[in-house]
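Enquirer: From TrEMBL, for reference:
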{"type": "ACT_SITE", "residues": "ASP191", "note": "active site"}
{"type": "ACT_SITE", "residues": "ASP237", "note": "active site, proton donor"}
{"type": "COMPBIAS", "residues": "74-95", "note": "compositional bias 'Low complexity'"}
{"type": "COMPBIAS", "residues": "416-430", "note": "compositional bias 'Polar residues'"}
{"type": "DISULFID", "residues": "CYS192-CYS251", "note": "disulfide bond"}
{"type": "DISULFID", "residues": "CYS382-CYS429", "note": "disulfide bond"}
{"type": "DOMAIN", "residues": "20-56", "note": "domain 'CBM1'"}
{"type": "CARBOHYD", "residues": "ASN419", "note": "N-linked glycosylation site"}
{"type": "REGION", "residues": "74-106", "note": "region 'Disordered'"}
{"type": "REGION", "residues": "413-433", "note": "region 'Disordered'"}
{"type": "SIGNAL", "residues": "1-20", "note": "signal peptide"}
Amino acid sequence: MKSTAFFAALVTLLPAYVAGQASEWGQCGGIGWTGPTTCVSGTTCTVLNPYYSQCLPGSAVTTTSVITSHSSSVSSVSSHSGSSTSTSSPTGPTGTNPPPPPSANNPWTGFQIFLSPYYANEVAAAAKQITDPTLSSKAASVANIPTFTWLDSVAKIPDLGTYLASASALGKSTGTKQLVQIVIYDLPDRDCAAKASNGEFSIANNGQANYENYIDQIVAQIQQFPDVRVVAVIEPDSLANLVTNLNVQKCANAKTTYLACVNYALTNLAKVGVYMYMDAGHAGWLGWPANLSPAAQLFTQVWQNAGKSPFIKGLATNVANYNALQAASPDPITQGNPNYDEIHYINALAPLLQQAGWDATFIVDQGRSGVQNIRQQWGDWCNIKGAGFGTRPTTNTGSQFIDSIVWVKPGGECDGTSNSSSPRYDSTCSLPDAAQPAPEAGTWFQAYFQTLVSAANPPL
Ligand SMILES: *[C@@H]1O[C@H](CO)[C@@H](O)[C@H](O)[C@H]1NC(C)=O
């Protein structure tokens with residue numbers, strides 16, 4: 001727990017926050033909200049529910065009467081879980097409602113995917129910087145293609161609350177139910193076999209408790225909006241590292257904590273009705289014949305330990321990677337692996353899961369898989385030169401095992417920096433097949449985005 005001195009210090013800062021203006025799509029009020037209560041010009045603070053007012057573009061339909069309550073402070077978020085019904089009223093929060101029961105169907109069926117306002121803004125700004133009008137308009141169209149929101153730090157969780165509130169409001173106003181796509185990505189000692197995606201928590205410094213608090217905060221947001229469906233990818237690379245990288249000391253040390261944290265995420269997100277896909281690496285990692293059985297054993301064990309919840313739908317593959325779902329011919333770098341693309345990998349892995357009693361289904365990232373045969377080695381993963389946007393998200397996948405083709409990685413956000421002096425430098429990002437100079441992981445990489453647009457396959 002943080003000291004009371006910390007909270008006291010925070011409270012003294014509050015007037016400074018209140019004085020600022022929230023950005024477009026930012027939160028500008030609500031019970032417990034202590035941030036800015038006015039919006040930048042061109043947007044209007046609009047009450048979406050008692051917990052959220054948001055700066056929406058244009059002028060108001062309803063002007064806000066901002067509800068500010070500083071009383072419960074920072075800890076109010078996690079205190080919603082298991083809260084009594086005393087707060088429910090006709091205008092009260094919906095968080096006390098139980099989530100809908102699990103559906104055996106494809107989670108996307110009957111829902112429209114909510115577009116991340118953050119990514120849409122990144123893309124709109126990027127398109128404005130492109131002088132060629134044809135390329136610029138193609139670039140702008142990417143804002144309409146759904147990606148996932150990466151909750152890669154605790155600081156991003158309020159954005160999730162904002163998106164859920166917007167999605168709920170949109171669902172009510174249009175009559176089309178909304179689905180929000182997120183990535184759970186904040187394990188302590190994250191990215192144990194590489195450096196570019198080091199996280200904010202360390203196992204040595206209270207990492208597991210911090211992670212549980214991170215999940216609790218996400219759960220508290222989601223349970224306020226049972227009308228919005230949430231689909232989550234769980235912890236990219238984590239379990240795959242436990243299959244093949246226990247020779248790396250940091251991964252060996254992390255094993256017990258990773259398993260405990262993933263179990264905490266699965267069991268608690270299931271309670272609020274989140275449909276989940278655990279990350280399963282890709283064909284060039286766990287798809288090697290020697291890795292398939294150990295991978296299947298680990299995934300089914302994790303699923304069993306999490307109570308075999310029907311909300312744990314299956315596995316996500318090729319997240320932020322560049323493999324084809326179905327390659328026209330094997331890329332020469334895949335030589336020796338009969339599972340040379342994602343469909344071969346999935347067709348090999350799914351029956352092993354079924355043998356263990358799990359009818360798992362898959363989602364596959366194709367966001368940057370439009371161009372093939374561009375890597376020097378299969379293990380290269382950083383800002384691959386010449387990559388293009390790939391197959392658009394669709395539930396029309398051609399495979400009984402695949403629920404949806406998705407874009408998990410928001411294309412244009414960097415995989416890792418090529419600056420060798422940066423603390424998060426990974427030498428993979430300076431290989432000859434990596435686009436350079438590249439900024440820090442997660443930040444916008446304009447030149448790379450422009451290549452993704454011009455090389456898109458199918459074309460934009
Ligand atoms: C590279 O990283 C170092 C250390 O963070 C920084 O001082 C330097 O400005 C960076 N160089 C470039 C070109 O961004």
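Cβ coordinates come from backbone N, Cα and C, glycine included.
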Enquirer: Whole-number Å only: compute the distance from the Cα of the residue listed as 'active site, proton donor' to the Cα of ASP191 (active site).
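Expert: Approximately 7 Å lies between the Cα of the residue listed as 'active site, proton donor' and that of ASP191 (active site).
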Enquirer: Determine the Cβ neighbour count for CYS251 (disulfide bond): the number of other Cβ atoms within 10 Å of its Cβ.
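Expert: A count of 21.
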Enquirer: Anything within 10 Å of CYS251 (disulfide bond)? Look among the recorded positions ASP191, CYS382, ASN419, CYS429, comparing CA atoms, and list what you find.
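Expert: Cα within 10 Å of CYS251 (disulfide bond): ASP191.
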Enquirer: Within 10 Å of the Cβ of CYS192 (disulfide bond), how many other Cβ atoms can be counted across all chains shown?
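Expert: The answer is 24 other Cβ atoms.
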Enquirer: Can you tell me which of CYS192, ASP237, ASN419, our recorded positions, come within under 6 Å of ligand 1 at the Cβ?
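Expert: The recorded positions passing the 6 Å Cβ test are ASN419.
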Enquirer: For the compositional bias 'Polar residues' (416-430), how many residues does DSSP put in helix, in strand and in coil?
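Expert: The counts are 4 helix, 0 strand, 11 coil.
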Enquirer: Do you know offhand how many angstrom separate CYS192 (disulfide bond) and CYS382 (disulfide bond) by C-alpha?
Expert: 16
Enquirer: In whole Å, how far does the CA atom of CYS429 (disulfide bond) lie from that of the residue listed as 'N-linked glycosylation site'?
Expert: 9
Enquirer: Quick one: Cα separation, ASP191 (active site) versus CYS382 (disulfide bond), in Å?
Expert: 14
Enquirer: In angstrom units, rounded to an integer, how far apart are the Cα atoms of CYS382 (disulfide bond) and the residue listed as 'N-linked glycosylation site'?
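Expert: A Cα-Cα distance of 13 Å.
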